[in-house]
Amino acid sequence: MATPAAVNPPEMASDIPGSVTLPVAPMAATGQVRMAGAMPARGGKRRSGMDFDDEDGEGPSKFSRENHSEIERRRRNKMTQYITELSDMVPTCSALARKPDKLTILRMAVSHMKSMRGTGNKSTDGAYKPSFLTEQELKHLILEAADGFLFVVAAETGRVIYVSDSVTPVLNQPQSEWFGSTLYEQVHPDDVEKLREQLCTSENSMTGRILDLKTGTVKKEGQQSSMRMCMGSRRSFICRMRCGNAPLDHLPLNRITTMRKRFRNGLGPVKEGEAQYAVVHCTGYIKAWPPAGMSIPEEDADVGQGSKYCLVAIGRLQVTSSPVCMDMSGMSVPTEFLSRHNSDGIITFVDPRCISVIGYQPQDLLGKDILEFCHPEDQSHLRESFQQVVKLKGQVLSVMYRFRTKNREWLLIRTSSFTFQNPYSDEIEYVICTNTNVKQLQQQQAELEVHQRDGLSSYDLSQVPVPNLPTGVHEAGKPVEKADAIFSQERDPRFAEMFAGISASEKKMMSSASASGSQQIYSQGSPFPAGHSGKAFSSSVVHVPGVNDIQSSSSTGQNISQISRQLNQGQVAWTGSRPPFPGQPSKTQSSAFGIGSSHPYPADPSSYSPLSSPAASSPSGNAYPSLANRTPGFAESGQSGGQFQGRPSEVWSQWQSQHHGQQSGEQHSHQQPGQTEVFQDMLPMPGDPTQGTGNYNIEDFADLGMFPPFSE
């Protein structure tokens, strides 16, 4: 049976595209056709371009599969690129140590957008502050720690929405000058365009390239420009803001430090009538305005405060690169200035203080060799020092030379220089010099020393009072005048109760006993060592409140007379040494109280026989041989020039023992250290609770202070 191809071989051949040469045998032609149809499946890629005409039957399906794979690959690349940009925009993602996966990036981005829109979890809104602090207290603490002020500005118009009251101590401007104005009015005119770029959120806000600080590569702005529209994108810029001229008296005292810092961080002295500016570093975020759940009043929307975004930032004073020596008073004169040179000595930078030191403007010195201003005799010395400091690499080298000022005078300058090296290449970049006017520095130091010396000499000596003593006669015949007015002082208010407790009858009673103590122990012709004038009376004076200064005398009557006189004159406190008042009948220096003193005072044996032994007048002997077992801490005269070390309650017992020795010459029996002594024949003390009784305990005086210390 014949096949269709065998019946009509030419028709079969006509269905095959292209020209095919058929052999004579029909079956051979049919086999040749089938082989031709099966060949593209095995070696289609190695066929010549002419043979691709045979593949048009399966071509559309193959090309569609290849196009689908390419489209998927491009879509994945774009998604990876967008997620990478999203990761850079979200602060929480960029802060991670390792790169997060795509799901983490999307989750963090959603959380960040919710927090920016104010739709986050309300239960955690108050977790950022302690429970015991209010919002106002927290705001003041943050602003005080930041040493700046908080302000909110509309992004589109620049109108000030809010400013904290701390703007007054920082910029010396009240809040009223900021409210109702724009931030463009508060900054320097040259910084307006820079501020407008920071407030703008459009795609075309900035052009150029951006340096990626993480990788160190420079990227085009088009890759990062989408960050400008992010509501939580960070802003950090430096600008010059206008300062006010409010008087300092209206500011609190704790803001004086901030005011000094603002003057030091200023841009130098300004001309009369010109506005003064301070360098302010502003850091903050662009946020949505108004926040979620808050509506803007109609009057605010009419004036243009209905912006979609706002800048919330904190402004802090920025330390300027040019040091300014002007203080608040403006009286300090600089004595030094900084300069920067290359290795050849050419000046590349000089700070403005050179105007006050050498008279030149900074532009007059830039680009010139420092040797041009040096004295010809010192040029070789200065050149060698520059060569040496380059070799030292970082070490400081000082040199003194004569510098020619602008008024053609030679000024002695001390220059301390060192080199700055590039940390990567270890090459010397430049030389930094500190130039000091030696003469002016010495003058300022001398003035400071004189001021300190004057401050010590102007010490008020009225704080060291001396009682107004009556006029007496020195043993040499020279009169002793009364104390000057500088030694006068009112009664100490600490002992007002004690003075108030003294009645008129007590004063009269004590003054009546002054007649019995009129005799003198020493004759007027007895020698009195002159070296005693510089001796401190702290070792021979007993200080008791109410009975100010009692020096030992020959009898109890003289002591009581002295007490009465001092009570009428006022309260006295000793702080050290004072000029003595020798030769006074009522106050005589006794050898019995010369503890630690190296000046023996001769006494009349007839009138002073009980204490005229060498043991009483010797500086190293015991002043009270009969009381050696009672008061070991009080009568130890081996402590030269020392203060009393004994208990205050034992002073009266020794005073009474001296009284008995002078009147009757009887020897006291040795008493035990803890035994109580009774004073039968002693007048009661003013304000004594035991007044009217014959017996009382000497421990009642234990709380009376002896020689209270006073700092000079």
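Placed from the backbone N, Cα and C atoms, the Cβ positions cover glycine too.
Owing to the predicted nature of the structure, the values given are computational and were not obtained by experimental measurement.
Annotated in Swiss-Prot:
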type	residues	note
REGION	1-20	region 'Disordered'
REGION	35-74	region 'Disordered'
COMPBIAS	63-73	compositional bias 'Basic and acidic residues'
DOMAIN	63-116	domain 'bHLH'
DOMAIN	134-209	domain 'PAS 1'
DOMAIN	323-393	domain 'PAS 2'
DOMAIN	398-441	domain 'PAC'
REGION	573-712	region 'Disordered'
COMPBIAS	597-626	compositional bias 'Low complexity'
COMPBIAS	653-675	compositional bias 'Low complexity'
Can you give me the average pLDDT across the domain 'PAS 2' (323-393), rounded to a whole number? 83
Is the domain 'PAC' (398-441) packed against any residues at least 6 beyond its ends, judged by a Cβ distance under 8 Å, and which are they? 333, 335-343, 345, 348, 354, 357-360, 364, 373-375, 377-378, 381-382, 385-386, 389-390, 392
Checked against DSSP, the composition of the domain 'PAS 1' (134-209) is 35 helix, 15 strand, 26 coil
With DSSP, how much of the domain 'PAC' (398-441) is helix, how much strand and how much coil, in residues? 4 helix, 29 strand, 11 coil
Residue distribution over DSSP helix, strand and coil in the domain 'PAS 2' (323-393): 29 helix, 13 strand, 29 coil
